[in-house]
Amino acid sequence: MVKICCIGAGYVGGPTMAVIALKCPKIAVTVVDISAPRINGWNSDHLPIYEPGLEAVVKECRGRNLFFSTEVEKHVAEADIVFVSVNTPTKTHGLGAGKAADLTYWESSARMIADVSKSDKIVVEKSTVPVRTAEAIERILTHNRKKINFTILSNPEFLAEGTAIKDLFSPDRVLIGGRETPEGQKAIETLKDIYANWVPKEKIICTNLWSAELSKLAANAFLAQRISSVNAMSALCEATGADISEVSHSIGTDSRIGPKFLNASVGFGGSCFQKDIMNLVYICECNGLHVVANYWKQVIKVNDYQKSRFVNRVVASMFNTVAAKKIAVLGFSFKKDTGDTREAPAIDVCKGLLGDKARLSIYDPQVTEDQIIKDLSMKKFDKEQPAHLQPPSPTSIKQVAVVWDAYTAVKDAHGVCIMTEWDEFKKLDYQKIYDNMQKPAFLFDGRNVMDVGKLRKIGFIVYSIGKPLDPWLKDMPAVA
C-alpha cells in the first residue's frame, strides 16, 4: 500500500490530503503537525478550519485511510511520498524583511526528512515558495541522504478558500513540476497517476520545477492585480458618477477579459495574495528587474489605498469624527464561507476606526472573539508565524465588543460597515435595523452586496463602493 505523509495540517494540507484519501482508498494518507491542539481538532467533531464540504470528507475517510498525528518523524520515515505544506511567512527581520518568504520551516522540514528517512522518497513542495526553492531543498537532502535517493517535485495548490473542496474535486488544473531527468520524470508520473484517479489527464500539466514554482506566484499576482484594477476604477466611478457594477459588467462581457474577479470591494485579503506579490517583488529586485518590481508593488498600494479610502469615507460622512460613536462591523473573515482572517480588509478598517476612537461592535458567523481580538492587537506579519511563536494578545480591547448576532451588533449604532459578503447579511431585516439605530443612520457597503435603492428608501445614508454617491456624501469628500 502506497503511503503518503503530509507535513502541515493547515488550510492546504488538511483538505488536500482528505480529498486524496477519499479519491484513492488504496493509499494510506497521514497528516502530521507539531501542534497537538491542531491535530486534536482534526481528530474531533470540531475541525480546526471551516470549509464547506470538508467535514463530510474527513468523516468518511478518517480512521480508514486518513490519519492525523503528531508523530511527525515516524510517519515521514514510513512514507513513500512526503508532501511539505508548512508555513512560509513573510520575513519580519533581516535581509528581505517585509518582502521575502521565510523558509525556516521548509528548511527544518527538509533536514528532518533527510535525518529520519530509511528509504527512497518523493518530496513534494505544496507550500507556496520562491522560485528555485526546490534547488535549495534538493541540496539539503542530497548532502544528508545516507545513500537514499530523494526526488523533488513542485505541486502548488490553487485552492480558493470557501470553495476548496469543490476546487479539489474539480480543479481547473493540477500542476506538477519536476527535474527533466529520468528520475524526475518517473516521479512526475507517480504523482500524476495519483491525481488521475479523479482528475482528467488533460487537466494535469507537467512542467519543469522552476516553471511550476513561478506559476503559483504569477497566478496570485494576476488575480490580485485584477482586483486592484477594478478597485482603482471604483474610485474613478465615485468621482464621475459612473456605476462600477455597470462598468464591470460591460468590460466583463469582452471574451478577452471575462467576468471573474471584477467585483469592486474594500480590498483583497487572505493568506496568499499580498505575501506572494511581495515575494515576487523581492525576486524581481534580486534579479535587477526594478521596473517589474515597482509594477507589482502598485497592486499592493492600490489595495492599501482602497482600505484607507473606505475608512476616510466613513469618518468624513459622519461629521468628520467617529469618536465615541458605535460602529457595527458585519463580517470579519476575508471572504464568505471561511473563518480565515489572514490579511482580512476588516482588520485594517477596524484599526483605522479605532484610531479615530470609534466603539466597534463586531459580528462574524465563523470568527471567534479570541481571533478578532488577536488580529486587532497584532502587528502586520506576526500572524503569519506559527501560534507558539506569536506574541501574546490581550483578552479584550476597551473599544471593541464581539457579539454573536447581527441585530445585537447594530443596536444603537450610528453606522454599519459590511466587511464580508456573507449571504445572511443580504437577508437581514434592514427596516428593523434602521429603527434600532441612531439617526442619521449610515450604512457603508464594503462588498457591494446590498440593494442601495431599497436601503435609501428605508432612510439609510448609503455608501457602496464605486456607486454614484448619496447626496449627503457628495458634500463630504473622502480624500485618501
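Here the Cβ of each residue, glycine as well, is placed from N, Cα and C on the backbone.
What TrEMBL says about this one:
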ACT_SITE  Cys272  active site, nucleophile
BINDING   8-13, Asp33, Arg38, 86-90, 127-128, Glu161, 272-275, Arg342  NAD(+) binding site
DOMAIN    328-452  domain 'UDP-glucose/GDP-mannose dehydrogenase C-terminal'
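Over the domain 'UDP-glucose/GDP-mannose dehydrogenase C-terminal' (328-452) the predicted model carries a mean pLDDT of 91. A straight line from the CA of Thr90 (NAD(+) binding site) to the CA of Cys272 (active site, nucleophile) spans 10 Å. Shown in sequence order, Val31, Asp33, Phe83, Val84, Ser85, Val86, Asn87, Lys126, Ser127 are the residues of the chain, 6+ apart in sequence, with a C-beta less than 8 angstroms from the C-beta of Gly8 (NAD(+) binding site).
DSSP assignment over the domain 'UDP-glucose/GDP-mannose dehydrogenase C-terminal' (328-452) gives 42 helix, 19 strand, 64 coil. Summary: among the binding-site residues (Asn87, Gln274), the fewest other C-beta atoms within 10 A of the C-beta are counted at Asn87.
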